[in-house]
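**Q** First the structure, then my questions, so here it is.
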Amino acid sequence: MPSFTTIVAAIAGCSAIVNGAAIPTESTGLQTTTLHRRQVTKEHHLSKREPVTAAILTAAGTAAVTAVVTQAVNAAVSFIGDISNFDAGREAFTVQTTEAMMANNPDPARFQAAACYNQGFTVADPANIDGQSSVEFKLGLLNTDYECMYIAAPNQFFTEGDGGLINLSFTHTDRCTFDPETADLTLSNNKIVPLTIIKGAGHEHIPIPEGECAIIADFHSVKSQSAHSTPYLTTGFYRVVPGPTRYGEYDYEETKYVLKGQIDITDEATGKTHHLVAGDWAFFHVGSKAQFSTKTEGVAFYAVTRPMNDGHPNLVGREESTSKL
């Protein structure tokens, strides 16, 4: 039985304690986490308790999966009942809906997360989304719309909210990683994929045929399994010094070649620690997990199938001119 985690993100211009509808803690392994609490304003607080309602405006996906989402929405509305606090009702609604969706997951082997969100978003692989439903949540004259859906692995869910009051709920298995800084969710493959290691790859003699001055010596090839809809190839350098262990979870491929020093890489799929030195090579597959450390210092060159993260400030604009002499 997989374990589940529920993430609730509420982002606003100010923060305070929320009064109103409580978020229950079930005894089924579900855990609810509130990242930011927010202040309730008079505009979002009714003078008397009223029943909440939710209506499915549009739905996309397979009929069976969409039906489960609809049932979860209706169950959440029934649970909340009559309230006077619109914001607390919204939070309870998103949590109850995603928890009900995962509790009645129509394909547990495929769907690793349920999401409800009321801002713009993108996903790495739209084909791995199902049951997406636009839901109007209302309390009296107050209303807001949510997108609720199942997410299959591998995938990434990127939030694009840029201010105001935002409600987001993810309920997901331990195959997913939530980033509290960006409120994005990454879904990994079914199992941790072992690394491919070749010791001393850079020290092998490469014979050159007579009459030639160079030869290609490919030693590894793989078809990318990255979920990014646009193919990327990003290159750079990796430096590690003694200190806390660094953890990596891969939804992209990476080839890493040690240039100097020493880097310890623990493969979480096998539990084996590889002590890599200059000339050693490692390949990280989609679904790999690894830990990085060193007793001295190490520098490696890498190429990855992901977009650029942090460019080196001293290399900006350093490309040589492509104009003809």
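Backbone N, Cα and C define each Cβ position, glycine as well.
As annotated in TrEMBL:
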DOMAIN    53-186  domain 'DUF7888'
DOMAIN    248-292  domain '(S)-ureidoglycine aminohydrolase cupin'
SIGNAL    1-20  signal peptide
**Q** Within the same chain, where does the domain '(S)-ureidoglycine aminohydrolase cupin' (248-292) have neighbours whose Cβ lies under 8 angstroms from its own Cβ atoms, ignoring anything closer than 6 residues to its ends? I mean 6 or more beyond.
**A** 124, 154, 156, 177, 186-203, 220, 222, 224-228, 232, 237-238, 240, 298-306
**Q** On the DSSP side of things, how many residues of the domain '(S)-ureidoglycine aminohydrolase cupin' (248-292) fall into helix, strand and coil, could you say?
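**A** Each residue of the domain '(S)-ureidoglycine aminohydrolase cupin' (248-292) counted once, the result is 0 helix, 29 strand, 16 coil.
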